[in-house]
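Data block below; observations after.
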Amino acid sequence: MTQIIDGKKISQEIKDELREQVAEQKKLGKEAALAVIQVGTDPASSVYVNNKKKACAYIGIGSLSYELPEETTEEELLALVEKLNGDASVNGILVQLPLPAQIDADKVIRAIAPEKDVDGFHPENVGKLVIGEPGFVSCTPAGIIQLLKRSGIKMEGKHCVIIGRSNIVGKPMALLMLRENATVTIAHSKTQNLPELCKTADILIVAIGKPQFITADYIKEGAVVIDVGIHRDENNKLCGDVRYDEVAPHTSAITPVPGGVGPMTIAMLMHNCVESMLQ
Ligand SMILES: Nc1nc2c(c(=O)[nH]1)N[C@@H](CN(C=O)c1ccc(C(=O)N[C@@H](CCC(=O)O)C(=O)O)cc1)CN2
């Protein structure tokens, strides 16, 4: 029987735990506040930003909203980040990605004070992950680890193939899987014999960015499949990188899209905001 990994339910469990933790901290006079910056009006980004603000309200974290016009310059955005770095009432700073073409996202990420970098994208936090020191971890890969742990799926000794090598998902995912004692392979656009390689995976994590790319031909019978992709199909229905209906019967566990990895990204952002408050 295939286990459907319910990201909505697990993310709600995490948010409920955080809500209790925040309530306890409030009694001790501690407050958390997240600054949420969006540049432009990309509809998907607006949905994610609104969901982040809603999650803050649910958990009891304050949120400060900065909605900047599409034509905002890099200097203007850097000046805002600098101001928020120096604001003691702000624990976390989030700059929603992607940014418009005139702004260098890497430069902006580096400008965020590492102790307020609740997205876990700053090189200092990435470096801490590499050497196994505590620091903020990128929310999507951290959420996937929680999905697996809370679904009772063992990672130790398993062969985990990750398709995608982005700084935000693929690379931190590989480091987190290593931390869990999995044997890790990262595949990417230049990898040869991808279906054969994927067929050796006990755990297959797909962040390839191509709608419904992964078919049953890529799956070892009984593997665990985690789908990081979010796209709209020809009927405007949400779908992932995995052809779910075809793949699911061959797996022991799989994440759906929507309702799998996506909600965990926001739950782990909230987790990082609470950690930031406790520092
Ligand atoms: N600063 C950041 N920018 C971006 C990040 C990030 O972690 N930090 N990740 C993505 C977008 N993202 C969060 O920002 C995100 C994507 C998807 C979901 C989600 O809950 N998806 C739902 C479907 C939602 C829908 O209706 O479209 C699901 O999969 O069930 C949450 C957050 C890029 N930018």
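The backbone N, Cα and C atoms fix where each Cβ goes, glycine too.
Listed in TrEMBL:
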DOMAIN    5-119  domain 'Tetrahydrofolate dehydrogenase/cyclohydrolase catalytic'
DOMAIN    138-277  domain 'Tetrahydrofolate dehydrogenase/cyclohydrolase NAD(P)-binding'
BINDING   GLY164, ARG165, SER166, ILE230  NADP(+) binding site
Same chain, 6+ residues apart, C-beta under 8 Å of the C-beta of ILE230 (NADP(+) binding site), given in sequence order: LEU238, GLY240, VAL257, PRO258, GLY262
Number of Cβ atoms other than its own within 10 Å, given for SER166 (NADP(+) binding site): 15
Number of Cβ atoms other than its own within 10 Å, given for GLY164 (NADP(+) binding site): 22
Largest CA-to-CA spread of NADP(+) binders GLY164, ARG165, SER166, ILE230, angstrom: 17
Chain-internal residues near ARG165 (NADP(+) binding site), provided their CB is under 8 angstroms and they sit 6+ positions away: LYS171, ILE186, HIS188
Number of helical, extended and coil residues in the domain 'Tetrahydrofolate dehydrogenase/cyclohydrolase NAD(P)-binding' (138-277), per DSSP: 54 helix, 29 strand, 57 coil
Three-state composition of the domain 'Tetrahydrofolate dehydrogenase/cyclohydrolase catalytic' (5-119), taking helix and strand from DSSP: 60 helix, 18 strand, 37 coil
Distance-selected binding-site residues near ligand 1 (C-beta under 6 Å), from GLY164, SER166, ILE230: ILE230
